[in-house]
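Residues annotated as disulfide bond in Swiss-Prot: C393-C1046. Residues annotated as region 'Furin-like endopeptidase recognition region' in Swiss-Prot: 1176-1179. According to Swiss-Prot, the feature repeat 'ANK 2' maps to 505-534, an assignment based on sequence analysis. As annotated by Swiss-Prot, repeat 'ANK 3' applies to 539-569, with the evidence given as sequence analysis. Swiss-Prot lists 573-602 with the feature repeat 'ANK 4'. Taken from Swiss-Prot, the feature repeat 'ANK 8' covers 709-738. According to Swiss-Prot, the feature repeat 'ANK 11' maps to 808-838, an assignment based on sequence analysis. According to Swiss-Prot, the repeat 'ANK 13' annotation covers 875-904, on the basis of sequence analysis. Swiss-Prot lists 908-937 with the feature repeat 'ANK 14', giving sequence analysis as the kind of evidence. Taken from Swiss-Prot, the feature repeat 'ANK 15' applies to 951-983. Residues or ranges marked as repeat 'ANK 16' by Swiss-Prot: 984-1013. According to Swiss-Prot, the feature repeat 'ANK 17' maps to 1015-1044, an assignment based on sequence analysis. Marked as repeat 'ANK 19' by Swiss-Prot on the basis of sequence analysis: 1081-1111. Residues or ranges marked as repeat 'ANK 20' in Swiss-Prot: 1117-1146.
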Amino acid sequence: EGEDLTLEEKAEICSELELQQKYVDIASNIIGDLSSLPMVGKIVGTIAAAAMTVTHVASGRLDIEQTLLGCSDLPFDQIKEILEKRFNEIDRKLESHSAALEEITKLVEKSISAVEKTRKQMNKRFDEVMKSIQDAKVSPIVSKINNFARYFDTEKERIRGLKLNDYILKLEEPNGILLHFKESRTPKDDSLQAPLFSIIQERYAVPKSIDDELAFKVLXALLYGTQTYVSVMFFLLEQYSFLANHYYEKGDLEKYDEYFNSLNNVFLDFKSSLVGTGTSNNEGLLDRVLQVLMIVKNSEFLKLGKNGVDEMLNSKINLFNKIKEEIEGKQRMTLSETPENFAQISFDKDITTPIGDWRDGREVRYAVQYASETLFSKIGHWSDPVNVRERACPTLRMPVDQTRRNVLVFRKFDNSKPQLVGEITPYLSNFIDIDRDLYNAASNPDSAVGFKEFTKLNYDGANIRATFDQGRTVFHAAAKSGNDKIMFGLTFLAKSTELNQPDKKGYTPIHVAADSGNAGIVNLLIQRGVSINSKTFHFLQTPLHLAAQRGFVTTFQRLMESPEININERDKDGFTPLHYAVRGGERILEAFMNQIDIDINAKSDKGLTPFHLAIIKNDWPVASTLLRSKKVDINAVDENNMTALHYAAILGYLEIAKQLINLKEINANIVSSPGLLSALHYAILYKHDDVASFLLRSSNVNVNLKALGGITPLHLAVIQGRKHILSLMFXIGVNIEQQTDEKYTPLHLAAMSKYPELIQIFLNQGSNFEAKTNSGATPLHLATFKGKSQAALILLNNEVNWRDTDENGQMPIHGAAMTGLLDVAQAIISLDATVLDIEDKNSDTPLNLAAQNFHIDAVKYFIDQGADINTRNKKGHAPLLAFSKKGNLDMVKYLFDKNANVYIADNDGMNFFYYAVRNGHLNIVKYAMSEKDKFEWSNIDNNRRDECPKEECAISHFAVCDAVQFDKIEIVKYFVGTLGNFGICGPLHQAARYGHLHIVKYLVEEEFLSVDGSKTDTPLCYASENGHLAVVQYLVSNGAKVNHDCDNGMTAIDKAITKNHLQVVQFLAANGVDFRRKNSRGATPFLTAVAENAFDIAEYLIREKRQDININEQNVDKDTALHLAVYYKNLQMIKLLVKYGIDVTIRNAYDKTALDIATDAKFSIIVEYLKTKSGKFRREYKSSYGEPSLLQTNKISSFIDGKNIEHDHLQFINADNESSQLFSDTVSNIDVIGTLLLVDVLIRYFSKQGYISKESDSASDGITQAAALSITEKFEDVLNSLHNESVKEQVDLAEVHGRVYAALKSGRNSRIHQILCSSLKSISTLKPEDMEELVSVIMNSQSSVSLPEVTDSANEAYGEA
């Protein structure tokens, strides 16, 4: 139950259970932490595994359940194997890339990361998708995708951890994986391209509805397959790039060219397949998949409401567009032209042989390569050989490249390894081959020969600044070879900046000298004033770090002679040179400890000291050396509060543990954080019995120490099944009834564990088998509810109480039923048959729990024993309902045969037949219809009477309605086509209502139902009201009457208008709607739009259908559209109507103009607007000479400074409960910011008076308009209270109202306070006397408007949330 699981399998189980310590960290996060390992350089797998697993386990609570499941049982061998594979991979990648491949490598690694991240997430669930696809056409296609993806992942992982030579052999196998993956883009039957294009062409991945599970599963397969396809391309690019680089480093330029060429061909081939060739008839795979995604995204059924599908589609569209853009942006991987070798070779220099590689009788050849920005060509053919005779360092004459590219020059003697010897820049034609020889001379380990050759070449003009391998110069070369004569000469020739010149990895010459142990060179460079503490680029290592890890004592001493040296300098991860010296050995450590300024307990970023590292390294001599300083803190803790003893316990280092325990200052009971685990806890957790036994016997170890959750070492010993440790604990008298915080005893844990034999051991020790946890569970409860059959039977054989109930009123029999432990259930029933029908607090019986969890054998056993087959729990769930919902026809038949009540229903009125219909189980539906002696669908069903209030409806009515509503077309076809039930539930009307176009088409085209139906409301009415444009279009195109009456004397366009479906209105308007026709309310479509506050529709009708409407028309009460807009306080609509010339003087049946109505109702903003008829308030500024301007200065007051809210509205907004006295005390120093903040408070204060109540879940547009107007009017009240006309005249209240309305309507309610604040931005600061009045209005104003809620989220705007 965990012992045989792989690391990945266990990670999957534990992460799915959503346990606090997600085990998947071990397989992924640990690997991701390699850059911060507590050692430097290559680390053996054991140390890496230990350090990383410690960090991850110690960082979270040791949860009992996860530990029992093995989620904290760390398999070191597997982790070491993973780490070793990753180290091999890193080693390969650390090989230097040729310049030609660096950019390609960056592109590939970046793209792989983006694609593989989401592909791995999909991979976890793809097996489930495969298992659930039963469709005969689709299943084989999806299987091909699955098979290929599995093969790809398996092979990729298999080669990942190979050693270098094995890796090369595997990649170069004839007809091997590279060839197979290259063919994945061909139409071959076993390729990946074939099934992907098949899915696209057959439209298998385009769902017909939100419930089209098959199509959505195929869509997941298409996306998964496409991402795999892209991954294959990048994998191939990565491998060919690696092979090319490998052979470049080996000097095999023919092989380099071969793989360099393959690299480009793979890219171009896959690019053609993925993004096409740019012609209209050759679309790439990505374009086709994006088209499918857009079709699904624009489906009508996805517009009905928010769901996760839309989010998923958007993320995939973004991903594939990004990939497409990346691929399209790269025209090719290499320059297409292979350079011709036009070099003319002449020996013009007076440099005689032998010198360097120039020896008489050897043959020398040259080859060139073009370089243009980030693109490189293949390396051209080698020139004809030239025999070396007495002369060296020839001049190469080449024609100037017309395209102004750089030319890299390579040289090869005989069959030796080629070398890059230089670069010819544009416009130059002559190249003297001398600089590489100077570099080689500086690199010569024979210092005398090297110095002689260097002197000669330097005299003849060689460039000491030329760069070669990894950007290194002769300075680096001399530093590495240790040629102090050359370096001495160079120090006089070079500038100080050149002595500090870093290579591509940041290594300066002194880094190289220190890393090579060349103390003399180090000393020379220090004397010349180089930067002693300079750092490498990635790891930020100083020369001292490098000398320390190599153990070079003399080099260390020379470095320490510099007064500038920082002995405690930290690298990228916070490690000091002393940390590195742990790897260098005892002598270098002693040298460090003799230094006065050394910080012997220095901590890395993770809190690790050198002593920690010595223990992790299992190196007691090094640890002893540190201890001799008498300054080591042996109890120092890292970031997880882990001491050196913790690490020894985790890694199982018994001898180290003994040494540590014997130290006088040791504290063996320090606990980790936040897990609170001691060294003893860890030794048991990691199953190091020898270390655990030693610690248990140690007098200074607390054997009863509690970790987080109250877990003691005894609990862990049970969880991990450590029998030897348990025996030792019993012998030393450990209390066997220890309880965790949740009151788990060791026996509880044994009952849940994978070691049931421990139960008898504890029972023999007298353990209390009736002990209860906080939830009231006994050991028997836990054994049954955790599915531990053997444990439960052992407890039952010891005559434990099987009738105990837990906090849910459940007995062990309920647990056995829930987990399907048939043998345990049989044992309990044989002891006590009265528990057969016993109910828990949810009224669930064992039978019902077994049924709800689909344990068929247990269900049949309980029924055979006489259990109530019609048992129902508090929600009405019953066995028959469970199996029908699941689609288990055999069990439905079984329950029918056992005379189950076939009409039994749950609290929602749902019986087995409805569940079968809603879940698309046609086989169960057909079976039920065939059992007429037991089930009759014509029976009246009052369980769902609220859905059929006007009459009593039969099961058939609800069943047909459900089939249509839940888009189960096969069941619809059965009910309507096979059984001929055309009239039940009005299937065409229902299909139109819910927007199921394919069902509408079926009923019209195959069953020949009339598109106008047989009811008052036509299908077109339903589709229009619910905004199903595609259905509306189909019905009209098939002859539906657009002016046919709906209920209430309305037509289809009226229905669409009432729900503000503009697109439907536009379509109907273009297809013969009678705009003069009035409904039962005497309103035309135009008046209906105004009355319903459908602004967009009203604007459309006025702008686009002006010839069909009369803007001044009146209803039965002689009201015009303007009257109606005033009634609803819709200022936005009023502005629209006035703008397009409505007659504002028309009077209604009560002799009132629109202005009269606004005046009577005291709608001041509307009154002001209608009076001007211009829709604009006065904006000209009129200064008030008689009284001081209310808002003039713009100083930042002490009030704002004191409150620290100068630019922070939110902090002030949330201070709703401050009293008016607070405002009075502070108004004397308030300014512009304060004014705006007070407006924020104003809005929140008003809103709490209930502008929008919580009486309903939605509101009409008119309600929204009213709420917006009420807010604006209160805002106006505040401005009026200021007694300053200039303030009011500068604020356009009509504009404010429109913006507030728009914010409410769009759901952006949080913007309302910003709108009102911005309206005051042009106004200066409030004066104290006026602020008093403003505060008074804010505090005393009461809302007089109580309106229904606009939306649930509208509360946010008013401070109710």
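Glycine residues also receive a Cβ, built from the backbone N, Cα and C atoms like all the rest.
Per-residue confidence over the repeat 'ANK 11' (808-838) averages out at a pLDDT of 97. Counting same-chain residues at least six beyond the ends of the repeat 'ANK 4' (573-602), those with a Cβ under 8 angstroms from any Cβ of the stretch are 35-36, 38-41, 542, 544-553, 556-557, 560, 567, 608-611, 613-614, 617, 619, 621-622, 625-626, 628-629, 631-633, 636. The stretches the repeat 'ANK 14' (908-937) and the repeat 'ANK 15' (951-983) are in mutual contact, each linked to the other by at least three Cβ pairs under 8 Å (pairs 6 or more apart in sequence). For the repeat 'ANK 8' (709-738), the list of distant contacts is 61-64, 67-68, 73, 678, 680-681, 684-685, 687, 689, 692-693, 696-697, 703, 744-746, 749-750, 753-755, 758, 761-762, 765-768, 771: same-chain residues at least six beyond its ends, Cβ to Cβ under 8 Å.
C1046 (disulfide bond) falls outside any helix or strand according to DSSP and counts as coil. Taken residue by residue with DSSP, C393 (disulfide bond) is part of neither helix nor strand, so it is coil.
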